[in-house]
Amino acid sequence: MTTLDTGQQTAPRASFFNDPVIRGVIYQVVVAALIISFILWIIGNTAANLAAQNKTTGFDFLWRTAGFDISFSLLPWSRASYYWEAFLVGLLNTVLVAVVGIFFATILGFTIGIARLSTNFIVSSLATIYIEVIRNIPLLLQLFFWYFAVLKAMPAVRNSFELPFDSFINQRGIMIPRPIPDEQFGFVWLGLALAVIGVVVLRYWAKKRLEATGQRFPVFLTSVAILFGVTAFVFWISGASVAFEIPVLERFNFRGGLQLPPEFVALAFGLTIYTAAFIAETVRAGIQAVNHGQTEAAASLGLKDADRLRLVIVPQAMRVIIPPLTSQYLNLTKNSSLGAAIGYPELVNVFAGTSLNQTGRAIECIAIVMLVYLTFSLLTSAIMNWYNARVKLVER
Amino acid sequence: MQKAFVSIAVAASLGLGATAAQAAILDDVKAKGYIQCGVTGGVAGFSAPDSNNVWTGIEVDYCRAMAAAIFNDADAVRFTSLTSQERFTALSAGEVDVLSRTTTWTMSRDTQLGISFVGTMFYDGQGFMVRVEDGIESALDLSGAAICIESGTTTELNAADYFAANGMEFNTVVFVDQDEVVKAYEDGRCDVYTTDSSALAAERSKFANPDDHIILPEIISKEPLGPVVRAGDTQWFNIARWTYFALLEAEELGVSSANVDEQLGSDNPAIKRLLGVEGEFGAPLGLDNAWAYQIIKLVGNYAETYERNVGPDTPIGLERGLNALWRDGGIQYAPPIR
């Protein structure tokens, strides 16, 4: 005791409850205890209520016959398929619309973000108007607009718009011929793969040469020439051919070909337009965050316009852009669940909607769907964090 | 931690609400002073707000009848409009006390969802509506047609069965909300709109040109529509069931809202028992002995609510058919009150 007291004489000892260390520990223990007891109470309460409601629970329903139809499926689907197959179909449809949406939203968003910084008054004000209008209207309303307004404007099946190459647009969607490659076509894929490897090697070599001698090589044009040239040559020499299955009008609709239902088109379009507005602002902010002095410094090094942007401005802007861009990608993926409102059979519609209702397994279905979205989000963040770590400022 | 989070959120959405379900529902309802009744988002004749924003329809009248039996006040009801997808979760979570929402009685629903079907307020069957200009005469012509359907319904399953049984190509567009289903059909996204044939008639009556649409003759399923309560509370189930029987019994005995006060003096023992003049039938339900009198006085009997909401003189124009009393060639039948 005495030794302890003498040891602490340098700092006057606070009373037990005023000691910041002890306080900190007490607060943390109390908060942790509250959270744990809350979780335990919720779990116990749910279990007790489910038992009291005489509900059948469990995941066995996943192996039962679903018995309903799904209008748009990337996997073979019939009414005799199982519920877990319905889950997969919904999942793939969500992934499909999210990937397509992210791809186009990125392109559109970057274009508009850069347009907003344009010195041309008309271009920059058009970009500003686009961003302000789209960002400030709720997404669900926009989806209804794209779906119902555009659907109404489309012609009925018998009066379909005829596009070139036997494609059609009508109220049932967009129909295009389906390419059916023959057996020789494998060689073409092989040729394409070789061409890609060639391009990678070429780029590496050109970079080394630039660093060693300072001489440039027209990498982009050569790459394009290799990709197209090699593939076309293999196509010609292997005698491969592609047949086309052309959509044919039947009593109610076209049959055959590739068909994109209006629900998918409206959802992908709506998500792209909406998210692009947010991405555009992110991009503008990122570019403006790079000090103008950087441009001038790059210019004084003698870098060309394009190189200045590519080597100096964009890498620094990306550091600012990547984190908010990640959240936009996540938002787009989660927003795709609004597709249920316009009849697109994505995960929420098929699994948390129809399947949940036909089986009555609310907790099970919702838990699975939540886990899926959580996994999507964590995966997207992991990828974007990896990319962010690559482009972030290396401090020396 | 992720799993725990999921459990919290799921349990919070379902578990918390259900706490109220533990107590006797009648006591809860009496304490709050009204019945919470789950209805559709608007199916004319069944449950829909009228031009004065008052809920009307045969299913709304059923909830009003329960309120009349319990509170002697047909307006002691609040209505929650639910989608097909939400309805069972809302009922079992205690958000509504009774679900009266064009709900088909099926075995899996009755035995697996923790709910009990009270009876069949309306015998229905699934039909198909198409545009006259398409020249379709039979449901068997529908192979390959685009069909608009509401999600989470027996309709979805019946149609899949029917098309599979007849070897036809099945092609659906499924929406969560009925309004979107109808709008998509009207806008031409689908060739066919399918649901219970009564609801088809109700929707058709709302179209700009009802004559441009016909309902095909095939009825492809049995759709006994009835009110539903949570399983496990026998007293509440009995109140719900005997409210329905009282509506039928009153019609059978010729007691209506117009003559119920006269009938109090009737010599017919069956009428005396129904109106609580003789016997003690209210107390076992936890209600006043005049419970059925209140129903008939304030809401009417089954025939009155039928004629007023969906009968031949309404825009929906449905004949009684199967829904006539057993002695008139239908299958509506109530056990005796004695």
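Just so you know, glycine gets a Cβ as well, placed from its N, Cα and C.
Here the structure is a predicted model, which means the values were calculated and not measured.
Long-range Cβ contacts of the transmembrane segment (A:21-43) within its own chain (Cβ-Cβ under 8 Å, at least 6 residues beyond either end) are absent. Per TrEMBL, the feature transmembrane segment maps to A:21-43 (among others).
The transmembrane segment annotation in TrEMBL covers A:82-115 (among others).
Taken from TrEMBL, the feature domain 'ABC transmembrane type-1' covers A:91-384.
Residues or ranges marked as transmembrane segment by TrEMBL: A:127-149 (among others). Sequence-distant contacts of the transmembrane segment (A:127-149) (same chain, at least 6 residues past either end, Cβ-Cβ under 8 Å): 112-113, 115-116, 118, 262-263, 266-267, 269-271, 273-274, 276-278, 280-281, 335, 338-339, 341-342.
Per TrEMBL, transmembrane segment is recorded for A:185-205 (among others).
Residues or ranges marked as transmembrane segment in TrEMBL: A:217-244 (among others).
Annotation source TrEMBL lists transmembrane segment at A:264-283 (among others).
What TrEMBL lists as transmembrane segment is A:365-387 (among others).
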Counting Cβ pairs under 8 Å that are 6 or more apart in sequence, does the total for the transmembrane segment (A:185-205) and the transmembrane segment (A:217-244) reach three or more? yes
